[in-house]
Structures are given as C-alpha cells and as structure tokens.
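Input: a single structure, listed below in structure tokens.
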C-alpha cells in the first residue's frame, strides 16, 4: 500500500473503531487526516501523534487524500464521501483498511455480538506479557497501555471483527474467536437471524486450513457452526462439551477466581488456576477465549496466569470510577439487554448487599424498538432505574420509540424508575435519587460516557 498511498483521510475518526486504526497508520508513517462532528478527548492523542483533525464534515476536507476511510456510522450522503466519489478518490470501510494492515501480520480476529473489546484486550495483554509484542486495534482504551491501539514489532495483529455492518467479512485472519451470536444490528441482515448466522459462518470459513477457530460452545448458535467448518476448532465454556472448561468460579474483590480444566482425549485434567481482575461470569468466558489463543501460540501457563491476574480492564467496561460519600460509581458501555443483564449480575456478585441503581441511556431507535421488551426485563434486575432519552447515533426518530415510553413500560410492571430526558442536567438529579451506600451503574454506548468526569464535582469530593 505504501507505494501508492501516502495521505489517508478518515471520516468519523473519533469513533471507537476508527481511532485505533488511525493510530497504527500514524505509527507506520502515513499522513493521516480525519473529521468528526465532535472532536475532543477522543482525538487529542491522534493530534499529538501528528493527525490533522477537522471539526465537522465538509467536502474540502478530502482534498489531497489518496484514500478515504469511513466508519460504519457514515452514510453515503456525507459531503466528504460525495466529494471523494466526485474526485474519484477510493472510499473504503474501516474493515477494509484493517484487512490491509492484517495482510502483513498473522491476524487474530475477535468476533461476537458481545465481549469483543474485552476479549481482544485480554489476548493482546497475554501476548504482550509473553514477549510477542503484538500490534493491536481495540474498540476501547486498554488501561495498561493507555491507548486503543499500538504498533508492535511481533508477527501478530489482534483486532476486533465488527459484524454490525458485515464488514468483518473483509478480514482474513489465521485465528478467530466467536464469543456469541445474538440479535443486534439486524437491519444489516434483513431482520433474519439465519442471515446473521450465515455471515459468522462465512467469517470462520475464511480461516486457512492451518488456522484455529476458538468458539464458545455454551452458545447454541455458535456451537451449531462447527459441523460446517474445516478449520480446527477449540471449544470453550462452562459446558461438558468444552475443550477448555471453567470450573469453581468464585468472587474475589472486584474480580474472580476459577479453575481451567482441559480435555485430554476423553477426560479432563486440571490445567490452570486463574485470578482475573474483572468480575462476572461473562468475563470468565472472555478469559477462556484468550487462554485458548495464548495456548495456541505457545505462551506458557504461568505467563498466562500472571497476565490475567495483572489485567486491569478496558475503559468503559465495568470501569470503577470511584467511591464518593459512600456511593460506588461504575461506568460501562453495555447497551444491549444481554450486556445490561451481565453487568448487573457482575455488580450483584461484587456488592450483594448494597442497593443497585442503574442509569441507562438507550442507544439507537432501531435497537430500542426491536428489543423493547428485553430492555424492560433486563433492567428489572436493578433496585432502581434512571432512564435518559435515546441516543440516536445518527438514526431518525421512530414514532412512539422514546426513553419515556420505555420508562412507562417499566413503571407499568411495578419497577422503580425515573425518566430524566436531559443528560446535561442529569448528574445532580441522579445524585438525589441514590440511597445511602448505593452502587450506581451508568450504562450506554452514547453520550452518557461524559458523566464519569462529572462525579467529583457532583459529590464535592475526589474518589476514594
């Protein structure tokens, strides 16, 4: 690519999937520019690395670019996309650029509706601890590295494989994980679960004959793909058909302990004891997937165990913001009913005796409409729920699909719920809703993330 491409322009460069790729490209020596509707903290690091960042989308921004990379949120009607088409500048999706980067490495792609970011981070951390110095591109900030991405000197590139727009089908990894397959982004697949399943099957069938598919066989849809694969498969989970099986899971502080048993012929042997610095059974599964990859590339068990014990998580994935006046605040990206349920369950396991309050910002009108009843049932596990209005993520509003409607449906089932439409004024109002000693979970993939920095001012103290 270097002989033909020097200037790369990225539309939506502040997005979680874009800025990691931008950072790797900058470190490779490419000239990178980009635009975002709300550049800010998400693009400061890129500016420091030499990227030119434009606020807003204008046709003039693409001048001089050899290629334009767009995120999945950018429509064809975007003025920069239209200008690039008129100037005959190639326009590609972010996954196509990721696939180009992966061509020069041994690709490890992490797919699944839920758990991609954490699993990718775990894999990158273990490979780094094992001295393999991987390149990684993650949809969240790996706390230990302080970044979403890094250019390593080793042979492996670890990245998330995004199914939201089916662009993961551009990737050609040598190893892949599928954590789960769940109903989300169904507009991409014509509303058909069969089409969604088929896309994951195509993704796995792109693996070479010498590769490895690491699959969570606790998930029936994932397990059902195995008969159609020619690539070697490593099964993981809690179930009896797993090759790597987690047993004896216990809570340890804000984390967990568990034993890993490995199938040898027709029996299991106790292989590894793990201390994991992040909570929840879902994260035990994510760790099992990472262990499977690490064992394939030859990392010793002792190194795997140490890396998992040292792992401190990813930004906005059960991120402990702090404790203020006896109130513990945890921030999480969860925005799908299943993610919400898993995060609430994790919080309950860590703080079983404390009141649990969830402040949730629904994300996308289409998702809220499609999974309306599931949102109600998943949020019912909290003691109290505070709802904001829906974060559109660029979608047009749908009649009758509002945060207020969701709150009313919850109240009709006897749930304790409060609707706060304006997120800008929400922090003080949320503070007033919290009982003494509560745990507050702020959940959502939209602008609710901005609340984390406001709590010291709201509570009038620094976190303890």
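Backbone N, Cα and C atoms are what each Cβ position is placed from, and that goes for glycine too.
Swiss-Prot has this to say about the protein:
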| type | residues | note |
| --- | --- | --- |
| BINDING | 112, 113, 114, 115, 116, 117, 118 | ATP binding site |
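DSSP assigns residue 116 (ATP binding site) to a helix. It is 116 that, of the binding-site residues 114, 116, has its Cβ surrounded by the most other Cβ atoms within 10 Å. Compared over the binding-site residues 113, 117, 118, the count of CB atoms lying within 10 A of a residue's CB peaks at 118. For residue 112 (ATP binding site), the same-chain residues lying six or more positions away in sequence with a CB closer than 8 A to its CB are 119, 163, 177, 178, 179, 180, 181, 216. Residues 110, 119, 160, 179, 180, 286 surround the recorded ATP site, their Cβ atoms falling within 8 Å of the Cβ centroid of 112, 113, 114, 115, 116, 117, 118, which are themselves excluded.
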